[in-house]
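Annotated features in TrEMBL:
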{"type": "REGION", "residues": "214-233", "note": "region 'Disordered'"}
{"type": "TRANSMEM", "residues": "33-54", "note": "transmembrane segment"}
{"type": "TRANSMEM", "residues": "74-99", "note": "transmembrane segment"}
{"type": "TRANSMEM", "residues": "120-141", "note": "transmembrane segment"}
{"type": "TRANSMEM", "residues": "153-175", "note": "transmembrane segment"}
{"type": "TRANSMEM", "residues": "187-205", "note": "transmembrane segment"}
{"type": "TRANSMEM", "residues": "258-278", "note": "transmembrane segment"}
{"type": "TRANSMEM", "residues": "290-310", "note": "transmembrane segment"}
{"type": "TRANSMEM", "residues": "316-334", "note": "transmembrane segment"}
{"type": "TRANSMEM", "residues": "346-367", "note": "transmembrane segment"}
Amino acid sequence: MMMTITGSKSDRTGINLSKSDGRCKMARWIRNWSAEIGGFAVLLLFFWLIQGGIETLYGLKFPSLTVSVEVETVTTLFLSIFIEGIPFILMGVLVSGLIQVYVREELIWRLVPKKRILSIPMASLLGLLLPVCECGIVPVTRRLIQKGLPPHTAFTFLLSAPVVNPITIVSTYIAFGFDWGITLSRLALAGIIACTMGWVFSWFLKGSPLRPDGKEDENHPCQEPACNHHAHSRRHREDRLGHALYHAVFEFMDMGKYFVAGAMVAALFQTVIGLSAIRDFAQNEWITVLLMMGLAFGLSLCSSADAFVAASFRNALPTTSLLAFLVFGPMMDLKNLFMMVGSFRLRVIGIFFGGTSLLTLTAIIAWKAFQ
């Protein structure tokens, strides 16, 4: 009898241990996938709100009230920008994830000529072959410089790749009603500014541009061990594809929040201030150019979809200010500035910020003069 009872206790202990292990595994799984679960929950909440959730909340709190015209206008404008732009963000992060895993950085070294007169223009066109995402361009540039790529060539690639790439070209073309004029103008101005900055760095930059204690962002998805190219070469093809998708998910979460914020700001701006007031303000064209440059810097939008935010202002603002937004934002924004601080010397960052700002204004003035 005692043996039976002892055996029972042992069995119960084993069951309790297995339950404890199960709970630990579940907690570990939730912790590892917390970002994805949170992102999925936010998306579900967002779609519920736009499918009638706003009206439901209004009805619960104020049964006698209806949604105001202003709320409906903001919702309509926001959704028009969001629905048009989100497919290009998805396309961009998927392509970026595949490039991050399958393309070695040494390929860029082989594609760029060694002569300075040829390397800078070639670097400005590399984005057509390697459309690296905006969120990962700073760490990629740092690694290229560490591997021996001349800084002026790497910096030209850093400035041009977010704009001079197929996804940005297509999104700009569609956002502005299949208009090649503003699309080609954006490409030309971005390419000219990137090449000019490359020449400036080749003439005036002495020594290494990297911070001696500079470290790459360990929390950035591009820096996860899963994104190490040498490790990928030893993994199976299925694992590499999984890592590419893993990179794309984190990048989508990172870029998506900026795009949603930018779309909401554009919708609120046009609704609260009104298009007529914006048109009156836009009578001073060069003030609106500076305003849109500041807006592009602060919003830190993904270049794959920022054209849809800019296009929402095309009936109220002059083309010069829209071009300033489209050209300056992908080259210099708040998000990338923080990443640069951890990688490059302050003098180099100062040249970046001052040079791109001055050259953007100069390029817009020149573009206006030739119209």
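Keep in mind that glycine also has a Cβ here, set from the backbone N, Cα and C atoms.
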Does the transmembrane segment (153-175) reach the transmembrane segment (258-278) with at least 3 CB pairs under 8 A, where each pair is 6 or more residues apart?
no
Quick check for me: are there 3+ Cβ pairs below 8 Å between the transmembrane segment (258-278) and the transmembrane segment (74-99), leaving out pairs under 6 residues apart?
yes
Contacting positions for the transmembrane segment (187-205) when only residues 6+ beyond its ends and CB under 8 Å are counted:
116, 120-121, 123-125, 150-153, 155-156, 159-160, 163-164, 169, 323, 327, 330-331, 348, 351-352, 355-356, 359-360, 363-364, 367
Within the same chain, where does the transmembrane segment (74-99) have neighbours whose Cβ lies under 8 angstroms from its own Cβ atoms, ignoring anything closer than 6 residues to its ends? I mean 6 or more beyond.
50, 54, 130-133, 136, 167, 170-171, 174-175, 243-249, 251-252, 255-256, 259-260, 263-264, 266-268, 270-271, 302, 304-305, 307-309, 312
